[in-house]
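Notes for the one structure printed next.
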Amino acid sequence: MSDPETPPPSEDVQNAAQNLPGVILEAEEQEGANRNKERHPGRERPYGCQLCGRSFLSSSNLTCHLRTHTGEKPFQCLTCGKCFSQRDNLKRHAKIHRGEKPFCCPTCEKSFYQKGQLTAHLRTHSSNRPFRCAVCERGFCDSHDLSTHMRTHTGEKPFECLTCGKRFSQRGNLTIHLRTHTGEKPFECLTCGKSFCQRGNLTAHLSTHSSARPHACDVCGKGFSEHYDLSTHMRTHTGEKPFQCLTCEKSFNNKFNLIAHMRTHTGERPFQCGTCGKSFCQRGNLNVHMRTHTGENLYVLLHIFYVRMD
């Protein structure tokens, strides 16, 4: 399966991670890390993990972190009995039983379980992207994001694993890779408590819990969790393709498919495997590839991948 020829995942798949309970988004984690740096600039982190080397400001933070290695889950939901490694994850899980989606987008009224999910979603409405890539003209909100993006064109991989020597273009991908050495599984499903070492594996797993789809298509009967997703889906019936490539004038029914298509012109491959370093132009191709490291049945995964795109 050649990467450019594989159909890009639909917007339904792109939005699935935001709609499903339990996704702890990278944007939320990064913002939290930045806030901690601003709050504690240059502070000593005397509590070190002997398994992976990470350091923490307090012994309680180290204790919480160690559970990602040991698998200990001391916090139990009194409603369903599911157990979690962190108290905050149990609190987020409880919202599932209450049906809460308290974070609402003021632009399109889409609702989310977590603030981080809303924060990431709001960027899809932002048009202020003053930092432009000189190669593919893609815009970014800040210079740091542009610098990171440029490595997809230059092939630069400045982050090296000191254990096996593999190199990565982004620090986050190196962090993911290190878990293959330490056994750390920090991404926990808030529905059933199962843990994963990579966010993509958690995202794929979460789809097994999604069943509430109150917005049904009048043409084919397919259900959606949000009215926004239904509106996007309707274009597959009407033939509307409002998003046009300025290079070859090919049109698409949603902006995510246009973005994925643009990479066939620029050669950009922004989705990198944290285990082996291989890069892909589409997230769906990376998700399928990642299962080759976990031992999951590839035929079944490809079937699930294309069924989701129908």
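Here the Cβ of each residue, glycine as well, is placed from N, Cα and C on the backbone.
As written in TrEMBL, here are the features:
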COMPBIAS  1-10  compositional bias 'Pro residues'
COMPBIAS  32-44  compositional bias 'Basic and acidic residues'
DOMAIN    47-74  domain 'C2H2-type'
DOMAIN    75-102  domain 'C2H2-type'
DOMAIN    103-130  domain 'C2H2-type'
DOMAIN    131-158  domain 'C2H2-type'
DOMAIN    159-186  domain 'C2H2-type'
DOMAIN    187-214  domain 'C2H2-type'
DOMAIN    215-242  domain 'C2H2-type'
DOMAIN    243-270  domain 'C2H2-type'
DOMAIN    271-298  domain 'C2H2-type'
REGION    1-44  region 'Disordered'
Exercise. Give me the stretch from 47-74, 187-214, 215-242, 243-270, 271-298 with the greatest number of Cβ pairs under 8 Å to the domain 'C2H2-type' (103-130).
Key: 215-242
Quiz item: Taking 3+ C-beta pairs under 8 angstroms (sequence gap of 6 or more) as contact, is the domain 'C2H2-type' (75-102) in contact with the domain 'C2H2-type' (215-242)?
Solution: no
Practice problem: Could you pull out which residues elsewhere in the chain have a CB under 8 Å from any CB of the domain 'C2H2-type' (47-74), counting only those six or more residues past its ends? | Solution: 40, 83-86, 178-179, 181-186, 193, 195
Quiz item: Where DSSP helix means H, G or I and strand means E or B, what are the helix, strand and coil counts for the domain 'C2H2-type' (243-270)?
Solution: 12 helix, 4 strand, 12 coil
